[in-house]
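Trainee: Okay, handing you the structure first.
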Amino acid sequence: MSEEKKSLNFIEQIIEEDLANNGYKKEELKFRFPPEPNGYLHIGHASSINLNFGLGLKYNAPVNLRFDDTNPIKEEQEFVDSIKKDVEWLGFKWAKECYASDYFQQLYDWAVALIKNGDAYVDSQTSEEIATQKGTPTKHGTESPYRNRSVEENLSLFEAMKNGETPEGAHVLRAKIDMTSSNMLMRDPIMYRTLHTAHHRTNNDWKIYPMYDWAHGESDFVESISHSFCTLEFLPHRELYNWFVNKVSTPEDFQPKQREFARRNLSHTIVSKRKLAQLVEKGFVESWDDPRMPTISGLRRRGYTPASIRNFAESIGVGKRENIIDMSHLEFCAREDLNKTAQRVMGVLDPVKLVITNYDKEEEWLEAENNPEDETAGTRQIPFSKEIYIEREDFKESANRKFFRLTLGKEVRLKNAYIIKGEDVVKDEDGNILEIHCTYDPLSKSGSGTEESKRKVKGTLHWVSIKHALKADVRLYDRLFTVEAPDADKEKDYLEFVNPNSLTTITGYVEPSLQTSKELDSFQFQRIGYFCVDKTSTKDKLVFNRTVTLKDSWAKKNN
RNA sequence: UGGCCUAUGGUGUAACUGGCAACACGUCUGUUUUUGGUACAGAAGAGUCUAGGUUCGAGCCCUAGUGGGCCAACCA
């Protein structure tokens, strides 16, 4: 085995550099994945999860799962639960389950210290006044008239805020930094606001809640996180992050370090919690775990496997530039994994009846391979009889030799069964095909080893015995949006690009072995695609979701 | 009227300063095949946003320009 030299991404390079030249010890490495519990995780988060937990695996370092729960208005326990489920399902283990709310008291104590040092003050203006004074990116801000209140006054006001003695919106605690900074976040950012709202974990203990910037870096500091990775839009926050950490630590303390990477965008969909929530609320999809959603739960229900999502995240890497990853790459990852693991079965989605006129037996059971890619997968028995369904598009009365399927007068193989020959076709008065009549070669049985069975025929069709077949609801999914970047249009709202045909439900016929299939089982319907058993599926009413079609170079060439 | 980030085939990432810019997806050929799948073999496709500069030598460094992105929530 030659040692494959894999190049490092820029995040790994930062860590290697810290290890080699900045005095970091390997044992000091520690990461975290910090979701806000205000929605479901999506494919973009999968990248971040893979990055942080992947780093943990690579450096054998702990990774905390930390909920950034500083805004009680938006956050709920339901989301905490779904996030934990999704991270676990993806196959990762966190070292500690943490909450920013665990540090509310510590944060409060530090805030009091900042006030005492003259680094923070209570502002009693309206949010509009504060916003106006903040200036714009191109214009300096101006100082608040409350900026130089005495320490005593600040302390008593802050105490009153904490005790809920002041109304919401009356006061905020601000850091005293620099209203002329070119970085707007440094223009006396708000550290606390008054909110008389119950929190999903601290209930009514607190009447004031810390803002993101004040809570995040300090949480990293408390947990001794070495590297705090976030997306690029937080880059300007870095200066504030460092300012706050410096205020509560000494130079000897181990300081967490924030670095930023570009969030990943997927073509033909959106990765924004707010917009995904709208799709649910406005009924464009049924739920957060609708198989069309790019949420982890949606992808799971669609049939994506943890490995396929991890491979996807790993293969697209991390970078710092704007990007739109093509959906075909995600689909490739699904096929790649499912090809090795999904059991092959036969199902007919658009049936046409085929009668084998010279077949006299009542029925017979044939052996079928479960997965040619996996020798340990074994075989199963499938029923065959005189009347079967085949795919409507697999028959043409006559066609050129490019058509490898059934035509009149030509032979074709029925997968795992016999070679048949098209003889006749029965139509209604409108010319629609009602039945196809064929004859079969009794000596051509698959696997029998006879000369006849080894005969070369131009095509192989999948089929299902009519009297044994199970009816099933099959949901065919297409891209959720008709354009590559639905939220990139400055004129049009992304909702205008929702694909009206993203879901088609049909009734298909599948082989009886599927009777015992369970939720989340994945199958390859041979020659069609990968399908996953939906959570609504029952023994009496099977429901399958199409994960992705098989690659089809013939169909592609023909359209 | 500012600050910061960014710019490599269609897409996403690589490239120790110096052999004709690599890998994956996608596209196209062909071989095998009881899945027009898989596997295998191969091809096309960028000369690294532009202009200068440093250097014997630059995709990598510097400067300017241009394009894209981010920053004015008591959101994260």
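Placed from the backbone N, Cα and C atoms, the Cβ positions cover glycine too.
Straight from TrEMBL, here's the annotation block:
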| type | residues | note |
| --- | --- | --- |
| DOMAIN | A:29-339 | domain 'Glutamyl/glutaminyl-tRNA synthetase class Ib catalytic' |
| REGION | A:127-146 | region 'Disordered' |
| COMPBIAS | A:127-136 | compositional bias 'Polar residues' |
| DOMAIN | A:342-441 | domain 'Glutamyl/glutaminyl-tRNA synthetase class Ib anti-codon binding' |
| DOMAIN | A:460-534 | domain 'tRNA synthetases class I (E and Q) anti-codon binding' |
Trainee: Determine the mean pLDDT over the domain 'tRNA synthetases class I (E and Q) anti-codon binding' (A:460-534), rounding to the nearest whole number.
Mentor: 96
Trainee: Taking DSSP states H, G and I as helix and E and B as strand, how many residues of the domain 'Glutamyl/glutaminyl-tRNA synthetase class Ib anti-codon binding' (A:342-441) are helix, strand and coil?
Mentor: 6 helix, 52 strand, 42 coil
Trainee: Cβ under 8 Å, sequence separation of at least 6 from the ends of the region 'Disordered' (A:127-146): give me the contacting residues as numbers and ranges.
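Mentor: For the region 'Disordered' (A:127-146), the sequence-distant neighbours (Cβ-Cβ under 8 Å, at least 6 residues beyond its ends) are 121, 169, 172, 174, 179-180, 184, 187-188, 190.
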Trainee: Using DSSP, how many residues in the compositional bias 'Polar residues' (A:127-136) fall into helix, strand and coil?
Mentor: 7 helix, 1 strand, 2 coil
